[in-house]
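S.K.: Please see the structure below; I have some questions.
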């Protein structure tokens, strides 16, 4: 059983931001710094090395918070990293086996509003992937700038693979025509688990439905899950897709190439607020260009 100090630490774990927690609470319970292995030095910017006990404690705390409060994106991200295990290496190997994937690992592109020309995508013809992505962002009210950076994967290349998965998640929603409400998010998690095999996606798919009412749970298991498992398992591994090179391609052509088809009709909720200002800025920019 955990001692009193460990219980206190676990309580603090659920209340502090990830970076703050890792530098304070987790360190307090670890082996004295003088006895720690030199391998605990950061391997890349933002890396937070953990020993086995810190990793286990973070996993337990992040799992608890991810279930009780799925809005804690930092905890969901931390759990994804601490449970990734050999799956991330397997995904890296898939990328290395693909010309497109190898180019991604060589270039290491990032997907944010500062690296992607959103104004250019908004001016692309309807039916192109770039225009579909912008339409999806605005319809859902989200931005690509809310993804947590990777902290707890030691190998820099594997850390990038996890970051790549994280930043491409919205593309999966977009190409599968899925919104971001809870039941649709879970459908995409089932798809990701079948397609990529990440344990975190499986955990979310397992425990997430507990938060749904009967009607939404029925839609998930009778319509969405069968589609997600069949489509995800038969489609090309999406971690190998260089999405940024495909903005001008037709979405329907990409679906055929990847072996993807639309999921069941989903419930589109009111857009979230995080992308409202971004959409307004793009609108003003377009008007200025016209006048």
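The chain as shown is numbered from 1 upward.
Note that Cβ sites are derived from N, Cα and C of the backbone, with glycine treated the same way.
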S.K.: Quick check on the annotation: Swiss-Prot has 169, 170, 173 binding Zn(2+), so which of 148, 157, 185 does it put in that site too?
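M.R.: Candidate in the recorded Zn(2+) site: 185.
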S.K.: With Swiss-Prot as the source, identify the stretch among 250-270, 271-291 annotated region 'Disordered'.
M.R.: 271-291
S.K.: Which one, from the binding-site residues 169, 173, has the smallest tally of other C-beta atoms lying within 10 Å of its C-beta?
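M.R.: So among 169, 173, the binding-site residues given, the one with the fewest Cβ atoms within 10 Å is 169.
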S.K.: Using an 8 Å cut-off from the Cβ centroid of 169, 170, 173, 185, can you name the remaining same-chain residues around the Zn(2+) site, in sequence order?
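M.R.: Nearby residues not in the site list: 171, 172, 174, 178, 180, 188.
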S.K.: Please work out which residue of 170, 185 has the most C-beta neighbours within 10 angstroms of its C-beta, and give that one of the binding-site residues.
M.R.: 170
